[in-house]
Amino acid sequence: MSLLLPHLIIHLLLLTMVTGEILRPRFYSETCPEAESIVRNEMKKALIREARSVASVMRLQFHDCFVNGCDGSVLLDDTPNMLGEKLSLSNINSLRSFEVVDDIKEALEKACPSTVSCADIVIMASRDAVALTGGPDWEVKLGRKDSLTASQKDSDDIMPSPRANATFLIDLFERFDLSVRDMVALSGSHSIGKGRCFSIMFRLYNQSGSGKPDPALEPVYRKKLNQLCPLGGDENVTGDLDATPRVFDNQYFKDLVSGRGFLNSDQTLYTSRETRGYVKRFSEDQGEFFRAFEEGMVKLGDLQSGRPGEVRLNCRVVNTRHNDVLLGDS
């Protein structure tokens with residue numbers, strides 16, 4: 001019985017993660033028929049203002065859904081009574097473009113007040129970020145409620161570091177019933193956007209405490225990164241995550257094959273025997289990568305905590321009536 005207990009706990013955890021609201025396509029077809037069009041139009045505006053912003057919005061789905069399911073908790077600001085997720089180790093000085101979600105929410109509230117959840121906005125906007133930059137377009141399931149709280153500790157306990165290796169990532173994704181194929185494909189979200197020097201200093205100058213650079217780095221690429229991120233320099237300087245940072249394509253995987261992965265958690269996908277085959281396959285067949293990415297995003301979007309929720313009027317704060325309860329008022 002003692003040997004079975006850990007497996008039973010994991011099974012119950014997975015059941016909990018997928019139990020919650022019943023999600024379905026076109027959820028707002030009657031209550032807010034223009035919802036998806038409004039989100040896409042706002043994402044188009046964001047792309048024109050700053051190309052990087054749509055990549056930043058897409059990453060919100062990963063950082064939201066892995067922490068107690070896709071419930072918009074990552075959007076909540078801290079309060080005197082709650083340390084939220086924005087300042088967690090994996091999010092501080094990293095997650096950005098929350099104002100894009102604010103703009104989307106404002107447009108939706110004008111069209112359909114108190115109807116579309118912030119959690120669903122993240123899911124729709126993430127899909128649109130991919131589609132608008134040349135990637136696949138897919139039908140999203142909607143109907144989520146917004147979390148009434150957020151937890152910095154929960155985020156710290158679950159979100160991976162840029163130093164993570166393939167084995168750690170495989171184990172993490174398996175906790176959410178996401179396969180190795182799903183994990184490698186979803187890592188392809190780094191096909192667009194930028195990363196900070198802070199995240200790669202150890203790779204460039206002290207990999208695994210050796211005092212030397214990561215031997216997996218292709219020499220010419222390493223010199224380029226050394227110039228971008230010198231020792232003692234500004235670690236908030238950003239570099240492209242792949243060679244085509246404004247286009248969602250399979251260049252990310254081609255770069256990994258040639259030793260040009262920006263993050264350790266990227267390059268490890270090629271140096272690890274368990275994941276190398278998928279990297280090679282996706283680098284050679286963009287269509288297969290797109291299909292796998294689409295499937296992975298849908299599965300990721302299915303994660304739910306089953307906790308009570310609401311439709312927030314402002315994505316950064318819980319509605320007043322719930323906030324009063326949280327503060328102990330009645």
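Residue 1 is the first one shown; counting continues down the chain.
Each residue, glycine too, has its Cβ placed from N, Cα and C.
Keep in mind it's a predicted model, so treat the numbers as computed, not measured.
The annotation signal peptide is assigned in TrEMBL to 1-20.
Sequence-distant contacts of Cys112 (disulfide bond), defined by Cβ-Cβ distance under 8 angstroms and a gap of at least six in the same chain, are Tyr28, Thr31, Cys32, Glu34, Ala35. Taken from TrEMBL, the feature disulfide bond applies to Cys32-Cys112 (among others).
Cβ neighbours within 10 Å of Cys65 (disulfide bond), excluding its own Cβ and spanning all shown chains: 27. According to TrEMBL, the feature disulfide bond maps to Cys65-Cys70 (among others).
Residues or ranges marked as disulfide bond by TrEMBL: Cys118-Cys315 (among others). Under a cutoff of 8 A between CB atoms, and with a sequence separation of 6+ in the same chain, the neighbours of Cys315 (disulfide bond) are Gly72, Leu75, Leu76, Phe98, Val101, Asp102, Lys105, Cys118, Ile121, Asp146.
The Cβ of Pro160 (substrate binding site) has 15 other Cβ atoms within 10 Å, all protein chains considered. According to TrEMBL, the substrate binding site annotation covers Pro160.
Taken from TrEMBL, the feature heme b binding site applies to His190. Cβ neighbours within 10 Å of His190 (heme b binding site), excluding its own Cβ and spanning all shown chains: 24.
Around Cys197 (disulfide bond), taking its Cβ as the centre, 18 other Cβ atoms fall within 10 Å, counting all chains. Under the heading disulfide bond, TrEMBL lists Cys197-Cys229 (among others).
Working note on the disulfide-bonded residues Cys32, Cys118: by count of other C-beta atoms within 10 Å of each C-beta, Cys118 ranks first. Just so you know, the Cβ of Cys229 (disulfide bond) picks up 22 other Cβ atoms within 10 Å once every protein chain is counted.
Between the alpha carbons (Cα) of Cys70 (disulfide bond) and Pro160 (substrate binding site) lies a span of roughly 17 Å.
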